[in-house]
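Engineer: One structure, pasted below without further comment.
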Amino acid sequence: MRKFKLMGFKRGKCVKAIILVTTTGKTFTSPLDKIVESDIIENLSHMENKEIYRKLYSSGTTKSYYEFEERNERNWFLYLYLCIFLSVLYLSSNIIGIKPAHVFGLTVPAAIFIYPLTYIISDILNEFYGLRFARKAINSAFLNNLTFCFLLYLSTKIPALDNWEFSSSFNSIVFDMMGVLFASSVSYIVSEHTNAYLLYRLKLLTKARFLPFRVITSTIISSFVDSFIFINMAFHHLGQHMVWSMIGGQLLIKLIYAIIGIVPIYMFRYLFNKFIYQK
């Protein structure tokens, strides 16, 4: 079932499309160039796409084919770098996550100082590439992490030198990572997709306004989901009191990251508009 339907056009200083949200029955108007740049265009039929592009081309507000080609190349290179960075953050979190830390009176997994950055990257992907491509990046990072850990596990099956003093320590660390991997994989997939979907829905409801509200709201909810799943699965042996203490510590740190993360998202919006959309 399609989420959006083109109802017509509204003329004014600029031509706007009238879009019906099929799930709620409500309509909204948006400039044609904004529709084309958002993921709404992907939910319209082929005929509706043709009508929007015909109106956009005839109004003279669109760029030429060559400008679109260059812009798209920049877009995809940037998307690639963001996907790689997301994977690196996730891999680093799994390696560091086996170490419990005590910082500022809080008992938390050491990865808490790296993992919240994945939410900022996911928010940037969602804001500028839409829900579908944000999900692709999240799933790619997850598969990259599985591949890394599988290869790491295979390395424990390779016979080591008899006199290598770190053999047992190496195997112990890898097996600890396997336990963290299972917990982090479940929490990562659930929380990241929750964050991406909430940010997408909030963007539609607010008509792409109130960025701080959207980022903080989606991050708080998804952070609780992530912390509750991960801590209970990875550190349940420490007791319920310690588990809830770690969950509370994680939520506090992630909330701080969410507030601070608004700044790089605004900076990214400025750089994106200046260097990606401009020739």
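Placed from the backbone N, Cα and C atoms, the Cβ positions cover glycine too.
From TrEMBL, for reference:
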type: TRANSMEM; residues: 76-97; note: transmembrane segment
type: TRANSMEM; residues: 103-125; note: transmembrane segment
type: TRANSMEM; residues: 137-156; note: transmembrane segment
type: TRANSMEM; residues: 168-190; note: transmembrane segment
type: TRANSMEM; residues: 211-231; note: transmembrane segment
type: TRANSMEM; residues: 251-272; note: transmembrane segment
Engineer: Counting only residues 6+ away from its ends, which parts of the chain sit with a Cβ under 8 Å from the transmembrane segment (168-190)?
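Structural biologist: Cβ under 8 Å, 6 or more out: 90, 93-95, 97-98, 118, 138, 142, 145-146, 149, 152-153, 155-156, 160, 225-227, 229-230, 233-234.
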Engineer: For the transmembrane segment (137-156), give me same-chain residues lying six or more residues beyond its boundaries with a C-beta closer than 8 angstroms to one of its C-beta atoms, as numbers and ranges.
Structural biologist: 79, 82-83, 86-87, 89-91, 94, 118, 121-122, 125, 170-171, 174-175, 177-178, 181, 185, 188-189, 192-193, 196
Engineer: Grab the same-chain neighbours of the transmembrane segment (211-231) for me: Cβ-Cβ under 8 Å, and only residues 6 or more beyond its ends, written as numbers and ranges.
Structural biologist: 109, 116, 119, 123, 127, 183-184, 186-188, 190-192, 194-195, 198-199, 202-203, 243, 246-247, 250-251, 254-255, 257-259, 261-262, 265-266
